[in-house]
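One structure is given here, and the rest of the page talks about it.
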Amino acid sequence: MIPLPVAAANSNSNSNSNSNDEESPNLSTVIKPPLKKTKTLLPPPSSSSSNRPLHLRVSIDNNNNNNAPPPPADFSDHQWNYPSFLGTTTRKRRPSSVKPPSTSNLRFDTIPKTKTKTKTNTNTNTNTNTNTNTNTDLPPPPVPSSSPVARPQHHNHRSPPIFYLLIITCIIFVPYSSYLQYKLAKLEDHKLHLCRQSQIHFSSGHGNGKISIPIHDASFSYILSRKAALYIVLFTLILPFLLYKYLDYLPQIINFLRRTHNNKEDVPLKKRIAYMLDVFFSIYPYAKLLALLFATLFLIGFGGLALYAVTGGSLAEALWHSWTYVADSGNHAETQGTGQRVVSVSISSGGMLIFAMMLGLVSDAISEKVDSLRKGKCEVIERNHILILGWSDKLGSLLKQLAIANKSVGGGVIVVLAEKEKEEMEMDITKLEFDFMGTSVICRSGSPLILADLKKVSVSKARAIIVLASDENADQSDARALRVVLSLTGVKEGLRGHVVVEMSDLDNEPLVKLVGGELIETVVAHDVIGRLMIQCALQPGLAQIWEDILGFENAEFYIKRWPELDGLSFKDILISFPDAIPCGVKVAADGGKIVINPDDSYVMRDGDEVLVIAEDDDTYSPGSLPEVLKGFFPRIPDAPKYPEKILFCGWRRDIDDMIMVLEAFLAPGSELWMFNEVPEKEREKKLAAGGLDVFGLENIKLVHREGNAVIRRHLESLPLETFDSILILADESVEDSVAHSDSRSLATLLLIRDIQSRRLPYKDTKSTSLRLSGFSHNSWIREMQQASDKSIIISEILDSRTRNLVSVSRISDYVLSNELVSMALAMVAEDKQINRVLEELFAEQGNEMCIKPAEFYLFDQEELCFYDIMIRGRARQEIIIGYRLANQERAIINPSEKLVARKWSLGDVFVVIASGD
């Protein structure tokens with residue numbers, strides 16, 4: 001009988017009696033003893049041995065020796081949860097370092113327990129202590145394994161259904177293939193047996209010779225090779241699925257074989273392989289083609305091996321049949337046998353898949369190439385072309401002028417690089433509905449700030465580069481132009497042509513020239529238009545003349561060297577060109593300085609070039625000197641300037657520069673009325689920020705009025721009938737698009753005209769200081785005054801399509817700002833030297849283009865040729881370049897028949913280049 005363990009918790013006599021009572025009951029009557037799970041805490045290291053709890057011991061030899069040594073204190077308390085006859089506990093055991101028990105004694109030690117509280121309450125808790133001692137847990141049987149390592153947790157990984165399907169397929173087909181191999185071996189044995197029975201006997205000279213065909217060894221080796229092929233095919237079929245499922249365990253297996261421990265967290269092998277494939281297909285352009293080639297070769301080899309395993313032919317024959325099945329899926333129709341048909345159908349299916357992949361690759365390659373061409377990503381291989389960087393509203397008129405300039409050479413090539421889609425750019429150019437006359441326009445999508453995109457359009461081989469201003473504000477646009485110039489200077493191959501940069505602010509021009517050097521030519525668009533509007537306000541009709549000179553449709557400026565003119569004075573050179581009009585000289589001795597309207601005594605030297613106005617660069621040449629008649633002509637001095645009253649409707653960014661130009665042109669006592677929606681205090685701040693000293697103006701007086709120019713009530717508050725000139729500016733403070741700006745200007749123009757016509761009875765109150773300086777008989781001024789009730793109205797028009805509305809109504813002289821700027825850019829792109837000519841003619845100092853009446857040069861109905869009038873103009877230090885008859889609408893610049901005499905009237909006017917000093 002095995003005694004139950006007794007816990008000696010106390011040293012009193014009750015513990016002994018309880019211990020004796022526990023040994024008396026019969027074990028057969030005990031079904032399930034009361035159990036009590038106890039938890040014991042490890043004593044602190046500093047506790048003495050006297051405070052340690054007593055430990056229980058079970059002796060196998062039924063020896064109740066109370067003097068036995070105490071068991072070790074490292075036994076787990078969970079082993080006392082159940083008696084030994086109830087089986088082991090289901091609770092997870094803690095790792096233990098206890099050695100296996102010996103055959104003599106078996107000891108179960110618990111973790112040292114803390115003292116119970118029954119020691120302090122002996123009298124009151126006697127029953128509690130008794131029950132506690134009686135219901136002490138029984139130890140379980142010893143643990144079979146003494147390993148301290150915890151049992152690994154098994155994770156239930158569910159395999160994919162296709163893996164089980166593959167296993168079932170292999171289980172079915174492997175016995176079947178073995179059966180076929182067995183049957184084939186029997187047939188081979190039967191065949192060998194028949195061959196041995198039909199041995200061939202040959203008779204020779206000394207006896208009978210018997211030669212048998214050694215078929216057995218060959219048949220055996222043939223069967224083995226087919227078996228090996230079959231096993232290779234089956235293994236190859238199973239291998240991808242095995243790799244897919246267990247590929248991530250491969251590094252662990254390798255580490256185990258190498259006896260190394262890699263505790264670092266690493267990316268799974270499947271993800272790493274997928275990443276490498278992704279990188280391979282992304283970096284190398286021919287990766288897809290190589291993958292398709294590898295798949296084709298693998299299918300041919302694998303299919304040939306499978307055919308060799310199920311057919312009786314050779315391996316070479318099987319590979320050839322495999323290729324035919326891949327190339328043509330219909331070749332397997334004549335196959336015989338189940339195995340051969342299954343393999344041939346599989347190979348044909350793979351061939352169809354490879355063919356579909358090949359079609360996809362070819363289609364993708366063609367689509368990618370077409371998209372590249374459509375999106376403008378391919379390189380432009382051109383020479384001597386004009387490159388335009390950027391996109392703006394001026395591009396249409398710029399392309400038109402460049403196409404007209406290239407007409408004489410049979411056309412050219414213009415390349416546009418902008419940050420827009422190629423299809424969108426081509427669509428916008430198509431909407432221009434303009435005949436480019438043999439000039440090709442190539443659009444490319446890209447950024448002018450990127451060197452790769454600049455090289456894509458052959459920037460180093462272009463004969464001229466035009467940088468357009470963006471639609472942003474002035475500072476941002478000029479900053480972007482500066483970055484583009486820096487990108488152009490960074491081209492390693494260098495630039496062959498010059499760079500024309502459209503600037504928005506005159507203050508930023510020196511910085512761009514400093515960065516670009518001698519290759520940079522700047523055109524300050526806003527400044528040019530502002531000065532031109534001032535000149536047109538003072539001299540109506542001048543806008544049409546500038547439009548004819550700047551455009552390539554009529555006469556324009558050219559500079560050329562003529563050695564046969566060396567030694568001649570400028571007075572003789574002036575009448576030496578039948579088809580051109582000399583305007584100046586490029587002095588070689590002065591560093592190539594261009595002198596406009598030089599003295600008559602200037603003599604041409606070696607290296608000097610002549611500046612002329614001609615139809616084209618190849619339509620003029622010097623001829624013999626004609627005989628001209630200077631004669632007697634009236635010497636009328638220029639009339640003194642009178643004070644004028646001018647109205648500005650709208651606000652421009654460079655309005656401070658326009659005021660300074662008016663200060664230089666107008667007589668003292670003039671008034672400038674400014675009518676716009678900008679508050680008066682803000683106007684003063686903007687004018688001061690632009691460098692204008694309002695209190696330092698001597699000739700003009702500023703009058704501020706605030707209002708909306710398209711509201712009739714606001715316009716009626718102005719004395720519109722008293723102004724000499726009215727300038728309608730493209731109001732940048734209100735509108736930001738070309739169409740809206742022109743609509744606003746046109747509405748303001750119509751309202752002013754209607755208000756002036758209603759105030760017609762009060763027109764006598766108008767100032768009598770109408771411009772009389774040489775224009776008392778000017779038909780243009782008279783027509784403009786009659787059309788707009790004695791006020792000259794100048795409208796700034798951005799869109800050329802709006803010009804027709806203004807010109808047909810004959811209510812205003814217009815200024816095409818965008819088109820004139822485009823003409824200037826095109827002219828400077830063709831010849832950068834012309835930029836210095838335009839800068840001087842647009843400036844308030846130096847020579848200028850103006851309109852003079854005929855009474856300065858001739859008498860009424862006097863018959864003279866154009867050369868005679870040119871000689872008379874030299875007496876006033878002027879160069880006459882054209883005229884407008886009284887009965888005509890447009891002026892004629894550089895007339896063709898200069899020696900033909902005709903009668904002139906005092907209603908005619910002449911276009912001259914004169915000094916403004």
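Each residue, glycine too, has its Cβ placed from N, Cα and C.
Per Swiss-Prot, the listed range annotated as coiled coil is 413-435 (candidates: 413-435, 574-596, 689-711, 804-826). Taking Cβ pairs closer than 8 Å, the transmembrane segment (290-310) reaches residues 225-227, 229-230, 232-233, 236, 281, 284, 318-323, 325-326, 337, 339-340, 342-344, 346-347, 350-351, 354, 357-358, 361 in its own chain, all 6 or more past its ends.
Mean pLDDT, taken over the domain 'RCK N-terminal 1' (383-524), works out to 90 on the 0 to 100 scale. Counting residues of the domain 'RCK N-terminal 1' (383-524) by DSSP class, helix then strand then coil, yields 62 helix, 31 strand, 49 coil.
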